[in-house]
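Engineer: Sharing a structure, written as C-alpha cells. Questions coming.
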Amino acid sequence: MGERKRIPLTIFAVLFLISASSFPLLRASDDADDAIFYESFDEDFEDRWIVSQKDEYSGVWKHAKSEGHDDYGLLVSEKARKYAIVKELEEAVGLKEGTVVLQFETRLQNGLECGGAYLKYLRPQDAGWKPKEFDNESPYSIMFGPDKCGATNKVHFIFKHKNPKSGEYVEHHLKHPPSVPSDKLSHVYTAILTPDNEVQVLIDGEQKKKANFLSADDFEPPLIPPKTIPDPEDKKPEDWDEREKIPDPSAVKPDDWDEDAPLEIVDEEAEKPEGWLDDEPDEIDDPEATKPEDWDDEEDGEWEAPKIENPKCEAAPGCGEWKRPMKRNPAYKGKWHAPLIENPAYKGIWKPRDIPNPAYFELKKPDFEPIAAIGIEIWTMQDGILFDNILIAKDDKIAESYRETTWKPKFSVEKEKQKAEEAAAGSSGLAGFQKKVFDLLYKIADIPFLSAYKPKILDLIEKGEEQPNLTVGILVAILVVFVSIFFRILFGGKKKPTRVEKTNLEPAESASNQKNGENEENKEKEESSAPPRRRSTRREN
C-alpha cells in the first residue's frame, strides 16, 4: 500500500474560516424559516410592496444602501412629503394566542426634527381598505415606532380594540413611552406581545417599557372602561350653593377707614443731596458726532447728534430737577371688604351623579384583530429615513438572533465611525461628554413621575443639541426642574379646587382659554422687559 498523503494544516485553517464565516448566514437562514414574515430589502421592493396611489402621498420610495454599508433598505428620499406603502402578508397573523414579536430597523440618516418612522400592522381588507388606496384612515391593529415633532418625542405603541358593547374601535396609547434615540445610527425596535397580556418595548435589544394591556395605569384610554360615568343629563339645582365662605352680612366698615387714601405719598422729610446738579441734563449731544456727508436735510430731515450720558452726572448724586421721592402711605388701607365667614347654606362642590356605563365590559384577554398587512404611512420633514429588516415572529429568541446577525454588525461599525469622526474633529472629549449628557437626559425624560415636565425637558434637550455650547445651561435648567419637583413634594403645591365634571368640549375650551391667557401674559412680559428705544438721530419733518 502506498503511503497516505498528509493534508497541510493551512487547508484545515482555510476550511475552518470559511465554515465559521458562513455560520451567521446559516443562522439567519434557519431563523428565516422560523419567522412568520421577514423583509430584508436585499432585492428591489417594487414587485412585493404596493405604493399608495392617492395624490397626497407624493413622496418617492427608493431601494437604497444604508450609508457606509452594502446593506439595502427602503428609503424616504424627499423632504416635506407624505409617504404610504404596504405589503400584504401571505396569511393573517393572529395576536390572541401565544407570543408575537414585531421588530424592524430604522436609521435616521439626516436626523429627525419633525416626522414619523413607525409601522402600521393592518387588519384584513374586509375591514374596508385597499392596498392602492392605503392612507391614514386604513384600519390597523397596532401602530409601533418612532415619532418626533415639537414636544412629541416618543416610540409609539398604539393598539386599536373593538368595544363589544358599542361596536366602536378605540385607539389605546401606551403611557410614558420611551424617547427616540437622538443620533443618526441604525436602531432596532422590538415589541413583544405575550400571552399574559403584557407588551415589552425594546430599543436595540434593551427593554425600555413593560406594560399590561388590561391596566388603566399603562394605556390611555384604558382598555376596560370605567363601570360608572357621570350622568350627562343630571343638572345642578338652581339653589345649590357652592360658596364655602361668604362676606359677613353683619360687618360694617369702620368710620376711620379711608378708601380714597393713596398708596404712596411724597416724602416730606427727604432732602436734596449735596452736589445735585439742577441745571445739568441727564443726557447731552455727543460732541464727537458729526453729520454724515451724504445726509440730505430735505430727504432725511434735520440732523441731530446722538445722545450720550452726561459725564458730569457720573460724579454727582444726580442731575436735573430734584423732586422728593414717594414713600408708602401709612394711612393707606385700600378698598374695604367685609370679612368672610362660613356659609351656612354651603352644600359643597356639585357634581353629577354616577350612572352605570353603557360601554362598560369585562374581559380576561384583549380581543385583538389579526394582522394581514404591514404598512408605512408617514409625513416627515426629513429625508434619509431608512427602513430595514422587518420581522414578525412567534419567539423573542428569533428576534434576538436577527438583531445579532443583521443589526448589531452595522451598529458597531457606525458607532466606531462616529467615535473616529469625533476624534478627528478634535472634540471627542467634549462631544462625547455632551452625547452622554443628552442620552442621560432622554432617559430622565422617560421617568413616569416626570411625565408632566417631559415636553419642557425634551425642548431643552433639543435646544442643547442644536447649540452644544448650551450644555451646561441645559443641565442647570434640568436641575431647576428637579429642585422644583422636590420642593413641591416636600411642601406641596397649591391645592386645586374640586371642579364639576363636564363634557369633553368644556375642558378643551378651558385649556384653550388658559393657553390664550398664558400667551397674553407672555406677550405682556416681553413688552415690559423690552429695552428702551434709542433716541432717533433724525427729526421728523
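Just so you know, glycine gets a Cβ as well, placed from its N, Cα and C.
From TrEMBL, for reference:
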type	residues	note
COMPBIAS	230-247	compositional bias 'Basic and acidic residues'
COMPBIAS	256-287	compositional bias 'Acidic residues'
COMPBIAS	294-303	compositional bias 'Acidic residues'
COMPBIAS	517-528	compositional bias 'Basic and acidic residues'
COMPBIAS	532-541	compositional bias 'Basic residues'
DISULFID	C114-C149	disulfide bond
REGION	213-321	region 'Disordered'
REGION	500-541	region 'Disordered'
SIGNAL	1-28	signal peptide
TRANSMEM	470-491	transmembrane segment
Engineer: Restricting to the chain of C149 (disulfide bond) and a gap of 6 or more, list residues whose Cβ falls under 8 Å of its Cβ, or answer none.
Structural biologist: E113, C114, G115, M381
Engineer: C114 (disulfide bond) has how many other Cβ neighbours within 10 Å of its own Cβ?
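Structural biologist: Here the count is 14.
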Engineer: Summarise the compositional bias 'Acidic residues' (294-303) as counts of helix, strand and coil residues per DSSP.
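Structural biologist: Within the compositional bias 'Acidic residues' (294-303) the tally stands at 4 helix, 1 strand, 5 coil.
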